[in-house]
Amino acid sequence: MPQKAFFEVKNYQNMLFFLLENLNKRQSVDSFFIRELHGILMNFLLPNKGAFKTADNTILGASFETIPHFQAPMAMKEWCDNLNYKMKTLQDKEGKLKAILEQHILFERIHPFSDGNGRVGRMLIFYSALEQNLIPFVITKEQKEAYIKALDTRNTESLYQLAKVSQEFELTRIQGQMVLNKNKP
């Protein structure tokens, strides 16, 4: 296994412990939490892990520009405030999921780090889903093209449809595992 791949896997393992610990503490998402999450995911991969970008960056193939580097700290504070407000005020699961996905699109447009933004953004979806008692999900390789297109065009509804398909898959998988566990001696 190449060294980079080893560190990526190890970092995801550490990140899961971090997420569970913070869920148990009922930690809301704030800039410090996001920088800490980035630091864990990019450990041994990026020298400025856990720090907001200090130079402007772009997303290859995107039809939009990310915010200037000097606006990243304030943009992330506003982003966190908006996410937390929406999670406190929305009552229905569909509304919460759509708000999480809308915030994800905004996160990727801010692109607050020099690298690792996609990983962090998807982990924020995962964390927020668990925090709100929603079924967590992952974007599969098969969904990647549609996912990128939805981000580029700010299409929350398309992203929501991808999420619903993934949630159904995860729910079926969980239910299957529960049946297997129930039938074990």
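Note: Cβ is positioned from N, Cα and C throughout, glycine not excepted.
Taken from TrEMBL, the feature active site applies to H111. Just so you know, the Cβ of H111 (active site) picks up 24 other Cβ atoms within 10 Å once every protein chain is counted.
Proximity of R119 (ATP binding site) to non-local residues of its own chain (separation of 6 or more, Cβ distance below 8 Å) is seen for L41, M42, given in sequence order. As annotated by TrEMBL, ATP binding site applies to D115, G116, N117, G118, R119, V120, G121, R122, N155.
Under DSSP, the residues of the domain 'Fido' (29-168) split into helix, strand and coil as follows: 90 helix, 0 strand, 50 coil. What TrEMBL records for 29-168 is domain 'Fido'.
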Looking at Cβ-Cβ distances, which residues of the chain lie under 8 angstroms from N155 (ATP binding site) while being 6 or more apart from it?
K149
Just to verify a number: CA distance, H111 (active site) to N117 (ATP binding site), in angstrom, no decimals.
6
Suppose you look only at the domain 'Fido' (29-168); what would the mean pLDDT be?
97
Neighbourhood of N117 (ATP binding site), C-beta criterion under 8 angstroms, separation at least six:
F107, E108, H111
Please report the number of other Cβ atoms within 10 Å of the Cβ of G121 (ATP binding site).
22
